[in-house]
Amino acid sequence: MASSSPEARITDEHLTLELTVRDLESPALDDASSAPESSSDEIIPLLNQNQRPRINIFSASYTRRKPREQVIKVTETEISPVTQFSSWIWSGSRYSGLLCMVLSSTLYLIMELVSDTFSVQPIPLFETAFMRCTIILILSYLWLKRIGQPIFGPAHARKLLVSRALVGYLSLFSFIFSIQMLPLSQAIVLSFLNPIMASIAARVVMHEKLKITDIGGLACSFFGVLFIFGPTLTVQVGSEGTNENSKGNHHIYAFLLGLFSSITGGITYCLIKAAAKASEQPVITVFSFGLVACPAAAICMFSFESFVLPAFDTLISMIVLGLLAFCAEVLLARGLQLEKISKAANVLYIELWIVSTGKAGSPGLFSRLVGCLLVLISVSYTVYMGPAKDTESPIP
């Protein structure tokens with residue numbers, strides 16, 4: 001009994017299988033048995049030469065993987081290193097809260113440098129505040145619209161957002177008045193009470209636990225502030241003694257106003273953290289502040305000061321400072337959202353590195369070095385210990 005057998009031919013570069021079907025009772029079978037040498041000429045393939053498939057299992061599997069690999073490669077090449085780094089700082093690390101606070105303080109340092117270097121025209125403080133608040137309001141609005149978030153936040157977080165905006169502008173308002181009446185070094189020392197006030201407010205309002213290391217870090221940083229500005233404060237207090245009759249009680253009122261600014265600033269940090277957690281979007285807290293601060297600063301600008309038309313160079317400098325202020329405020333809100341307030345606020349003392357050298361003056365070089373060393377030790381220890389677990393109670 002005869003049977004058919006497949007025969008393989010190598011055609012081009014592919015392996016082709018040819019199946020020949022024979023009828024057992026066909027006379028061609030007898031001819032094939034009698035003439036085996038001519039059997040290869042009588043093979044009839046099922047497919048013609050132009051109908052043979054030109055793919056095999058290797059080429060088929062390769063074509064299915066290749067588009068996927070290309071999509072992955074294209075996706076990786078489209079993400080820039082700057083975007084990856086920004087995403088890692090924002091939410092890709094367990095140190096994201098502390099890193100955001102460090103970057104926020106660094107931006108405030110850059111703002112201080114830009115303000116000292118490119119200040120070619122004196123601008124009233126409320127006018128400067130109005131310009132920055134306007135830029136913050138516009139950029140935060142565009143940010144929220146781009147990501148599709150409601151600009152007024154969810155309904156359950158609006159009370160916190162309104163409180164954050166009102167208390168935040170009250171702190172800014174009182175600080176501007178105190179810095180106009182107090183010597184600059186005294187106003188700066190009072191402003192750096194904010195982290196301590198924020199930690200106390202977080203303990204009272206949010207029931208955030210304060211460890212011995214947190215209290216020690218804040219105390220070490222504030223002692224560094226006193227060492228940095230101590231010589232300047234001594235000189236200013238001595239000079240004020242000769243002019244006591246001309247100043248009267250204005251200095252005491254200005255000091256109390258600066259202290260009030262620090263207290264409200266500390267409460268503002270707690271409200272920022274609570275509102276950012278409730279709304280799950282820190283930019284909403286920045287927008288709410290700009291929504292209140294912008295018209296309020298405009299009213300104060302025309303009520304208490306004379307409007308000064310800025311020159312072109314001054315206008316560019318004010319715009320740059322507004323952009324930096326927006327980035328610093330967003331990073332500050334994000335850092336407070338992720339991190340414990342006592343740890344996050346302690347990192348803000350990094351700002352002293354430029355303030356102490358640019359504002360404190362030349363006297364007391366050794367004292368300023370000791371103060372900077374204390375601040376460096378405190379902040380480095382805070383970053384080294386890493387983020388803390390979220391132990392505060394939920395806010396009703």
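Cβ from N, Cα, C; glycine included.
These come from TrEMBL:
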TRANSMEM  95-111  transmembrane segment
DOMAIN    97-229  domain 'EamA'
TRANSMEM  123-144  transmembrane segment
TRANSMEM  165-182  transmembrane segment
TRANSMEM  188-206  transmembrane segment
TRANSMEM  218-239  transmembrane segment
TRANSMEM  251-272  transmembrane segment
TRANSMEM  284-304  transmembrane segment
TRANSMEM  316-333  transmembrane segment
TRANSMEM  365-384  transmembrane segment
Other parts of the chain folded back onto the transmembrane segment (365-384), taken as Cβ under 8 Å at six or more residues beyond its ends: 95, 98, 102, 213, 217-218, 220-221, 223-231, 343, 346-347, 349-350, 352-353, 356-357
Paired segments the transmembrane segment (165-182) and the transmembrane segment (316-333) in contact, 3+ CB pairs under 8 A: no
Residue numbers, six or more beyond the limits of the transmembrane segment (123-144), whose CB comes under 8 Å of its CB atoms: 150-151, 172, 176, 179-180, 281, 283-284, 286-287, 289-291, 293-294, 297-298, 300-301, 304-308, 310, 314, 318-319, 321-323, 325-326, 329-330
Positions whose Cβ lies under 8 angstroms from the transmembrane segment (188-206), at least six residues beyond its ends: 175, 178, 182, 214-215, 218, 221-222, 225-226, 229, 233, 255, 258-259, 261-263, 265-267, 269-270, 273-274, 340-342, 345-346, 348-349, 352, 355, 359, 392-393, 395
Segment confidence, the domain 'EamA' (97-229), expressed as mean pLDDT: 88
Helix, strand and coil counts within the domain 'EamA' (97-229) (DSSP): 109 helix, 0 strand, 24 coil
